[in-house]
């Protein structure tokens, strides 16, 4: 049974992570923190999260974006400290964002993947560094962004080879928060020779991304002094997936909460519209052998993914009320639990106050 506590001053801290943060309301003015381990939710109204989109986070530091503009900054969920980021182009689409570590960490970097339209003459910037980004830039990154719910279906096949691709430029914007007054920027094509970018994540404070038709795991090494990014493939093999036999699938790249495993989670859909997950594959990356290893069991951990937005985390189930060998995932207003052993799915409603029709955002948070 769900229990509710109202406290508008601060987010809750006492329950075990992970938290499911639900931002809802007309302008995201309401926040619900749901503790899976306690089966308890807390309704808040935190002014700093009103009219904001959560782009990325590291520990208690959140990267927030205004729903009205591309203004972005870091905000500490606990101390209320704020670090303004340099300005991004006024007219562009923020497709992705990652934060490698909290800003007090020497290895802290924030990186955005930005899409701009080449014929926008008033984009508030000169793309002189990005002159290599010609018509080969591929807009299928829209399918890989942190937002939409169904863009990932058959990513490799849906390269959308229409004329719109020739008008868009993909660029990495990156900086050290609180240190750089401007973003470094580098167009994607000049770094990797390919604009087909898949999912990405942070692992041990470094950025990893899946690239190209084969989903090759690649490390993006950022040199903040020179303002350059180097792409280093970690393998020449793809995970051995079942995707060719199913019409719908979605992939996730997840760092374990203990920072010792990099996971590739493959969600397979089924049902009348092929949009209900019915099976998962999980792979662990072996950095010594440079290959993906299929997991036959996930043991005493639980995996948490946000179905539409391709983010996730893990948590040990020892001494908790969490179910081991389970994958928790969200879809719409609902929280589902997939049992790895029985292949069964159970359903719950973490907060009945979330509207059925209005927009809302769900994020898994692990606050260390």
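Heads up, the Cβ atoms here are built off N, Cα and C, so glycines get one too.
Please treat TrEMBL annotations as automatic predictions, because they have not gone through curation.
Given the ranges 23-70, 71-118, 119-166, the record in TrEMBL names 119-166 as region 'Disordered'. In the predicted structure, the domain 'KIB1-4 beta-propeller' (172-339) carries a mean pLDDT of 87. For the domain 'KIB1-4 beta-propeller' (33-113), the number of residues in each DSSP class (helix H, G, I; strand E, B; coil) is 3 helix, 40 strand, 38 coil.
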